[in-house]
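S.K.: Take a look at this one; I'll ask things after.
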Amino acid sequence: MAVKVAINGFGRIGRLAFRRIQEVEGLEVVAVNDLTDDDMLAHLLKYDTMQGRFTGEVEVVDGGFRVNGKEVKSFSEPDASKLPWKDLNIDVVLECTGFYTDKDKAQAHIEAGAKKVLISAPATGDLKTIVFNTNHQELDGSETVVSGASCTTNSLAPVAKVLNDDFGLVEGLMTTIHAYTGDQNTQDAPHRKGDKRRARAAAENIIPNSTGAAKAIGKVIPEIDGKLDGGAQRVPVATGSLTELTVVLEKQDVTVEQVNEAMKNASNESFGYTEDEIVSSDVVGMTYGSLFDATQTRVMSVGDRQLVKVAAWYDNEMSYTAQLVRTLAYLAELSK
């Protein structure tokens with residue numbers, strides 16, 4: 001029997017997760033909840049500027065959608081605790097609104113009858129933060145609410161883990177060269193949160209911004225908690241981003257070849273490896289959570305320490321979504 005999934009929040013991540021779930025055997029989206037009307041949601045599901053047209057058939061019907069012949073119920077309920085998850089026998093809610101980002105708030109879905117909640121954002125409080133194929137083995141099935149971290153943390157985590165496991169990570173700085181997102185203005189205008197830089201035209205500027213990925217990494221890899229810091233530079237591309245990580249290593253005399261070999265050996269469905277001279281548009285639609293770029297590895301000795309700089313690509317939309325769906329499937333499997 002398929003795992004019944006509900007998506008709360010049908011924005012960029014919610015819609016792309018819906019698409020991705022259609023390709024995963026054993027998962028079925030049976031309901032979505034969003035305050036936008038069904039006609040608009042169906043249109044945005046079918047057509048996507050960056051990720052291309054949805055290959056399935058989408059039709060608006062009474063009470064929701066029909067997608068590839070299967071009914072998906074639609075709701076417009078602002079209070080998650082009032083959603084009919086019990087009646088629909090929902091196994092996992094994929095929480096994509098950005099509002100239910102701590103355990104207490106996300107608990108509203110459990111009160112409504114869902115068995116599990118996966119938050120598509122960094123979460124506050126005492127929650128497990130999961131980057132699939134980095135620390136998903138921490139899950140034991142007893143969890144009711146789990147965080148899927150951020151797109152940048154999913155890019156950073158496997159790289160940082162290899163450096164720490166193989167060479168010893170002393171400390172470091174990371175920068176995400178990140179595509180602009182919906183929380184930036186397309187034209188210069190006051191920003192809704194008062195951010196002067198995000199108030200500027202996203203497609204015309206390199207915009208310094210903050211990122212919580214360097215700090216959040218400690219929730220994924222406790223051994224390096226507090227060892228990383230960093231920031232973001234939002235750039236004029238709609239999707240396709242790059243994480244650069246510069247670290248001091250414990251091990252001495254490390255070579256570029258050794259670093260690249262370690263990354264290649266660690267590659268899997270979530271963590272790719274390439275020696276091709278790619279650019280950001282080449283990773284749009286990619287399902288690796290992180291793609292290590294061996295051509296950008298640099299090594300330098302500083303006194304008796306080894307300084308290493310590495311880089312990994314990610315589609316901040318689809319890479320992250322693919323990771324979320326892997327975690328969702330694993331979380332559901334543990335509950336059977």
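Yeah, the Cβs are placed from backbone N, Cα and C, and that goes for glycine too.
Per Swiss-Prot, the feature active site, nucleophile maps to C151. Under the heading NAD(+) binding site, Swiss-Prot lists R12, I13, D34, S120, N316. The D-glyceraldehyde 3-phosphate binding site annotation in Swiss-Prot covers S150, C151, T152, T181, R198, T211, G212, R234. The site 'Activates thiol group during catalysis' annotation in Swiss-Prot covers H178 and is backed by experimental evidence.
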S.K.: Give the helix, strand or coil assignment DSSP yields for I13 (NAD(+) binding site).
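M.R.: Looking at the DSSP assignment, I13 (NAD(+) binding site) belongs to a helix.
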S.K.: Check G212 (D-glyceraldehyde 3-phosphate binding site) against DSSP and tell me helix, strand or coil, would you?
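M.R.: Going by the DSSP assignment, G212 (D-glyceraldehyde 3-phosphate binding site) belongs to neither helix nor strand, so it counts as coil.
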S.K.: Under 8 Å Cβ to Cβ from R12 (NAD(+) binding site), same chain, six or more residues apart: give me those in sequence order, or none if nothing qualifies.
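M.R.: Spatial neighbours, sequence-distant, of R12 (NAD(+) binding site): G182, E317.
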S.K.: For the recorded positions H178, R198, R234, work out the Cβ neighbour count at 10 Å and name the residue with the minimum.
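M.R.: Among the recorded positions H178, R198, R234, the lowest count of other Cβ atoms within 10 Å belongs to R198.
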S.K.: Would you identify which of the binding-site residues S120, T152, T181 has the most other C-beta atoms lying within 10 angstroms of its C-beta?
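M.R.: Checking each of S120, T152, T181, the winner is S120.
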S.K.: Might you list, by sequence position, any residue in that chain lying six or more from N316 (NAD(+) binding site) with a Cβ less than 8 Å away from its Cβ?
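M.R.: Expected: C151, T152, H178, A179, T181, T239, G240, S241.
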S.K.: Considering all pairs of residues in R12, I13, D34, S120, N316, annotated in the record as contacting NAD(+), what is the maximal C-alpha distance expressed in whole angstrom?
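M.R.: Binding-site diameter by Cα atoms for NAD(+): 22 Å.
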S.K.: According to DSSP, does H178 (site 'Activates thiol group during catalysis') fall in a helix, a strand, or coil?
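M.R.: DSSP call for H178 (site 'Activates thiol group during catalysis'): strand.
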